[in-house]
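Engineer: The following block contains the structure, expressed as structure tokens.
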Amino acid sequence: MAKTRTNSETVSILHTLHTNQKAPGARVYRVFRFSHHPKMRSNMSQDKEANEIAVNTTETVVSTPTDVTTAETKTDGSPETNAAPAAAKKKKNKKKKKITSIDSSYPDGVFPEGEWQEYPLEINSYRTSSEELRYLDNQRNNHWQDFRKGAEIHRRVRHKAQSSIRPGMTMTEIADLIENSVRSYAAADHTLKAGIGFPTGLSLNEIAAHYTPNAGDKLVLGKDDVMKVDIGVHVNGHIVDSAFTMTFDDDHKYDNLLKAVKEATNTGVREAGIDVRLNDIGAAVQEVMESYEMEIGGKTYPIKCIRNLNGHNIGDYVIHSGKTVPIVANGDMTKMEEGETFAIETFGSTGNGYVIPTGECSHYALSEEYKQARVGTDRAKQLLKTIESNFGTLPWCRRYLDRVGEEKYLLALNQLVRAGAVQDYPPITDRAGSYTAQFEHTILLHPHKKEVVSRGDDY
């Protein structure tokens, strides 16, 4: 997830064509997110929705034995056709393949490591060859396996999302698809042991971050939308925060925007390391990002860093913990330190390169001082207790309150926000009509090397 600065398993549709022979068998604000909808599109027809990818914890494999009417020759030479009418032969046989826990694939509890990279500074070169440091790192920090487990869940969930999401799906369908997959792979509902690390960000176009649908949201993904997909997975409070951007247009007009942001994020990852100054990372990211431009409708737009959005370090059960990683040169001489975990994320925009909060809020989290807050009504106190017991200090959204059985809670929720017990994170947007993109990775600063734990074949 981003931090703002100011006040698949592929879901496969298998079509098997049978003939008469049998065929073989994603100011300084903290980036949790929401924004007003740039376009409220009409929902698709019910018939279309019925054919969309299922959004529950199972994936649907559709086998379509289309028994084509074929001519066979009788012994007398006259043709005969199959007895069943063609329409009846096109029935779809739906089989549900259940997603199993990630633990079943790794029964020994040892999960794939991420991408290892050397530290950039020469003064750290001794770290790479230190066998003792690597041994002590493994002995001290067995929580690395929690990060690797979360990262493997993340890779599988995003592969499923990338292969399943299509224009015409509602944002709620997309959010359910992703979040139910996380719950299934983690073998946990929204619990404090494992599962969803923060609400799934599905911000469109000029909305850079913090949008996820609330109940009743009818917004539909369009073919010309640019969608940032920000997914969080945690295991025992160790959060993997990684994001990517999806486009669906036929003429690939957004390619340079995505290329700029992806390269900028990889630059930030490459420059990060123990004793590296945060300003130096921001300067390197800015140089790469702002070397790009893109053309839309015959007009050329420079691609700008969104200067009041940042990466951040990650704490246990805390998505934004202290340090911020700028994506422009900002003079911050703070250094990264051994053992820290960072989300390196960058945002590019064709707009102003600056975001402001707008629209209906969906993202929330307990404030650091929530225990000292003076909460007035009994209903607000009860809601606070529900939030604390279900989510702790992890971010959450209104849909999660619905899921745990809360009803008619908006008044009490607003009271908690006003009392300072809960922090709200509305959507943050650039100039109307602009386009924004995001890529993000989680990195672990081991004593000897850094591990890009969320790295995959896709980005």
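For all residues, glycine too, the Cβ spot is worked out from N, Cα and C.
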Engineer: For the divalent metal cation 2 site, Swiss-Prot lists ASP241, HIS312, GLU345; sort out which one of GLU152, GLU440, GLU451 goes with them.
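Structural biologist: Answer, per Swiss-Prot (divalent metal cation 2 site with ASP241, HIS312, GLU345), from GLU152, GLU440, GLU451: GLU440.
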Engineer: Swiss-Prot has ASP241, GLU440 binding divalent metal cation 1. Which one of ASP230, ASP255, ASP424 is in the same site?
Structural biologist: ASP230
Engineer: Which has the fewest other CB atoms in a 10 Å radius around its CB: HIS210, HIS312, the listed binding-site residues?
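Structural biologist: Among the binding-site residues HIS210, HIS312, the lowest count of other Cβ atoms within 10 Å belongs to HIS312.
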Engineer: Cα distance, GLU345 (divalent metal cation 2 binding site) to ASP241 (divalent metal cation 1 binding site), nearest Å?
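Structural biologist: GLU345 (divalent metal cation 2 binding site) has its Cα 9 Å from the Cα of ASP241 (divalent metal cation 1 binding site).
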Engineer: Here's one to test understanding: among the binding-site residues ASP230, HIS312, GLU345, GLU440, whose C-alpha is closest in space to the C-alpha of HIS210 (substrate binding site)?
Structural biologist: ASP230
Engineer: Which one is closest to ASP230 (divalent metal cation 1 binding site) in space, judged by CA to CA distance, out of the binding-site residues HIS312, HIS320, GLU345?
Structural biologist: GLU345
Engineer: Tell me the coarse DSSP state (helix, strand, coil) of ASP230 (divalent metal cation 1 binding site).
Structural biologist: strand
Engineer: Look up HIS210 (substrate binding site) in the DSSP assignment and reduce it to helix, strand or coil.
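Structural biologist: The three-state answer is coil.
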